[in-house]
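Asker: Summarising the annotation, Swiss-Prot assigns domain 'ABC transporter' to 8-239. Residues annotated as ATP binding site in Swiss-Prot: Gly41, Pro42, Ser43, Gly44, Cys45, Gly46, Lys47, Thr48.
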Amino acid sequence: MIVTETIIRFENVTKQFDNDPPVLDNVSFEIEKGKFYTLLGPSGCGKTTILRLIAGFLEASEGQIYLGDKVINQIPANKRPVNTVFQDYALFPHLNVYENVAFGLRIKKLKKDAIDKKVQEALRFVNLKGYEKREISEMSGGQRQRVAIARAIVNEPEVILLDEPLSALDLKLRTEMQYELRDLQKRLGITFIFVTHDQEEALAMSDEIFVLNKGEIQQSGTPIDIYDEPINKFVADFIGESNIVNGKMIQDFEVEFVERRFECVDQGFRPNEVVEVVIRPEDLEITSAEKGKLQVTVDWMLFRGVHYEVGCIDIDGNEWLVHTTRKVRVGDKIGLAFEPEAIHVMRLGETEEEFDKRLDSYDEVQ
């Protein structure tokens with residue numbers, strides 16, 4: 001049995017500025033020690049506010065924030081065992097790499113030998129050994145990020161907070177840094193809490209993801225759970241690309257949409273309950289119109305390098321996106337084939353607690 005330790009806990013936390021609507025609205029969650037977490041959502045969803053509340057840069061309007069079993073609402077930022085890596089890295093341009101990393105240790109008035117040992121170890125962890133005397137202006141974007149991370153880990157925090165640190169990098173470097181950050185977190189064993197609006201970053205790097213919208217956590221779970229079992233239309237649409245249509249759950253394992261009934265793997269709904277149905281573009285296969293489970297007309301097509309994106313319209317006017325290596329022509333009448341496992345049925349207005357209970361009931365039946 002694996003024993004997990006909760007390091008951060010939010011209990012009914014609300015953050016409101018003046019008389020504006022809450023930026024965070026009665027949010028509760030737990031962060032376990034030694035994992036890589038991502039707060040994911042669009043601009044203004046509250047993800048950076050959570051980070052600032054943990055860091056101590058903001059104070060909660062309501063609710064309690066715990067570090068371990070201790071309430072930290074009133075503890076100032078400089079007394080909390082957390083360090084933040086900012087979007088612009090916040091490095092000192094007049095200091096070289098070594099002095100940037102050593103800055104916090106000098107503030108703590110550590111002895112010179114202790115500072116040197118910690119700085120050298122931190123630089124080794126981020127693969128910057130030998131860059132001690134390099135000026136910040138001479139560093140690339142990826143190298144500057146590693147300096148910022150070294151400065152964060154040198155203080156041996158319990159938690160590292162990362163506020164969209166990859167957003168300023170080009171695509172190739174951003175991908176490389178995703179692997180580096182994930183590897184670094186595993187080697188350090190420190191809890192990382194990463195903020196991003198990029199769902200691909202979140203899926204690639206995280207042990208756990210919190211999906212936020214309008215100040216509320218919509219869903220939390222592993223990347224695979226959230227991608228394969230989105231709780232609602234927002235999550236399904238925000239995490240990857242989705243085809244979402246209205247449907248009706250006829251009975252367990254049978255759903256109706258686009259005027260036809262299909263076998264599925266979902267259960268626990270009321271007979272004839274109105275639902276929303278999700279099928280991912282990569283789970284659709286183009287066939288002849290006669291062989292397809294759905295008949296559609298090709299509306300547009302784009303070449304994406306590794307595959308084509310094909311947009312189609314069904315008889316009800318629903319739009320369908322397909323990822324395929326098969327080339328078709330605009331105006332073609334084609335069929336779409338898919339397996340029962342490709343269908344995901346979502347209950348309207350279901351809370352995360354209700355959703356989790358329904359998924360647990362699947363396991364009990366199986």
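Here the Cβ of each residue, glycine as well, is placed from N, Cα and C on the backbone.
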Asker: At a 10 Å cut-off from the C-beta of Lys47 (ATP binding site), count the other C-beta atoms across all protein chains.
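Answerer: 27, counting other Cβ atoms within 10 Å of Lys47 (ATP binding site).
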Asker: Other than Gly41, Pro42, Ser43, Gly44, Cys45, Gly46, Lys47, Thr48, which residues of the same chain sit close to ATP? List them in sequence order, counting a residue when its Cβ is within 8 Å of the Cβ centroid of the site.
Answerer: Thr49, His197, Leu212, Asn213
Asker: I'd like the Cβ neighbour count for Gly41 (ATP binding site), meaning other Cβ atoms within 10 Å of its Cβ, all protein chains included.
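Answerer: For Gly41 (ATP binding site), the count of other Cβ atoms within 10 Å is 28.
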Asker: Long-range same-chain neighbours of Gly46 (ATP binding site), Cβ under 8 Å, sequence gap at least 6?
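Answerer: Same-chain residues close to Gly46 (ATP binding site) (Cβ under 8 Å, separated by 6 or more) are Lys15, Val23, Leu24, Val27, Leu212, Lys214, Gly215, Glu216.
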Asker: Including all protein chains displayed, how many Cβ atoms other than that of Ser43 (ATP binding site) lie within 10 Å of its Cβ?
Answerer: 7
Asker: Mean pLDDT, the domain 'ABC transporter' (8-239)?
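Answerer: PLDDT averaged over the stretch: 92.
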